[in-house]
Amino acid sequence: MESTNKTAISEFLLQGLTEDPALQPLIFSLFLSMYLVTILGNLFIILAVSIDSQIHIPMYFFLCSLFFHDICLSTSIIPKMLVNIQFQDQSITYSGCLTQGALVIVFGYLENFLLAVMSYGRYVAICHPLRYRVIMNLCFCVLLVMISMSISIVVCLLHSVLVLQLSLCRATEIPHFFCELTQFIKLTCSDTLFVNILVYISSCMFGGVSISGVIFSYVHIVSSVLRMPSSEGMHKTFSSCGSHLSVISLFYGTGFGVYISSAVTDSPRKTAVSSVMYTVVPQMLNYFIYFLRNRHMKDALRKFLCSIAYAVRFFLLFDLGFSDRIMVGQCASLHSQLSSTWKRYSYNHIDFRVDFKDNFSFCLVL
């Protein structure tokens with residue numbers, strides 16, 4: 001194949017999941033729905049956890065980091081795909097393709113490291129409960145997340161530098177719905193043996209470190225739990241790890257599944273379809289897994305949504321000019337008793353209490 005300089009190619013063509021025009025509206029609706037569910041669900045959980053001071057503990061800090069990562073990864077892939085389908089334009093610029101591929105690498109490795117960090121947090125909480133607050137302090141948690149992000153960026157820069165050294169061919173069609181590193185390498189006319197070896201070595205090394213951290217943490221957790229004298233305590237401890245284990249299984253299971261399917265099939269289209277399972281589906285399911293199995297997150301989200309509902313009705317009353325004293329809701333629905341942070345105000349003959357410290361909640365009273 002004829003090669004050309006890297007700067008001579010201005011754009012690539014993303015062939016997407018299918019070329020059948022009849023299926024494009026269905027794919028557009030499906031991915032738009034998945035994207036909205038991912039963004040809104042993760043965002044609501046992040047806001048709910050952030051304003052609820054009762055659950056400001058390391059585990060929820062890591063969860064918010066994971067949910068924010070899910071938003072970023074989905075945003076780096078799905079919007080461009082939706083725009084291409086909507087405007088029937090498969091093109092993506094050269095710089096845009098490199099940027100998208102780099103973001104996928106960064107967030108892919110970041111989730112890998114975050115799961116290992118969360119495993120370590122579970123290990124400290126179960127095996128060293130009395131030292132948990134001391135070891136997993138806020139500064140240390142932030143440091144772990146920053147180190148994970150830094151390593152992910154370094155890996156991304158390494159892969160990007162290797163790819164930029166390759167000479168591209170005239171063929172610019174990528175049989176995928178986003179710019180993936182492996183698909184980008186297949187467009188080159190250069191010898192890619194050295195690049196592939198380095199990519200596999202770095203993937204195995206950094207991925208292996210994370211997996212080893214997860215295995216190390218859970219081996220010690222299982223060993224500690226089995227020494228508990230109470231079966232009820234054992235069950236409760238294992239239940240607290242169920243959500244995290246489910247997310248780990250989803251992430252690594254889909255990743256290995258896609259790798260195996262790409263190895264046994266020669267169809268790029270089938271590989272693209274299977275890639276949905278690790279680039280889109282886990283990000284949509286992660287917060288469902290934690291939300292459905294975690295009572296504290298349910299309570300935080302309930303209080304957050306109640307606060308929003310009360311706020312909307314509160315300002316609607318003012319906009320409509322009601323002057324009567326109206327009972328909109330009971331304060332007890334948000335808090336069992338009024339704390340010292342609740343202040344009483346009166347506006348337009350309407351008495352209300354506002355909590356500026358906890359959840360920014362309020363209620364109207366008679």
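Backbone N, Cα and C atoms are what each Cβ position is placed from, and that goes for glycine too.
The following features are taken from TrEMBL:
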type     : residues : note
TRANSMEM : 26-48    : transmembrane segment
DOMAIN   : 41-290   : domain 'G-protein coupled receptors family 1 profile'
TRANSMEM : 60-78    : transmembrane segment
TRANSMEM : 98-117   : transmembrane segment
TRANSMEM : 138-162  : transmembrane segment
TRANSMEM : 197-221  : transmembrane segment
TRANSMEM : 242-260  : transmembrane segment
TRANSMEM : 272-292  : transmembrane segment
TRANSMEM : 304-322  : transmembrane segment
If we call contact 3 or more Cβ pairs under 8 Å (sequence gap 6 or more), are the transmembrane segment (26-48) and the transmembrane segment (197-221) touching? no
Tally Cβ pairs under 8 Å between the transmembrane segment (197-221) and each listed stretch (60-78, 98-117, 138-162, 242-260, 272-292), then give the stretch with the top tally. 98-117
Intrachain residues whose Cβ lies under 8 Å of the transmembrane segment (138-162), provided they are six or more past its termini: 58, 61-62, 65, 98, 101-102, 105-110, 113-114, 117, 120-121, 181, 195, 198-199, 202, 206
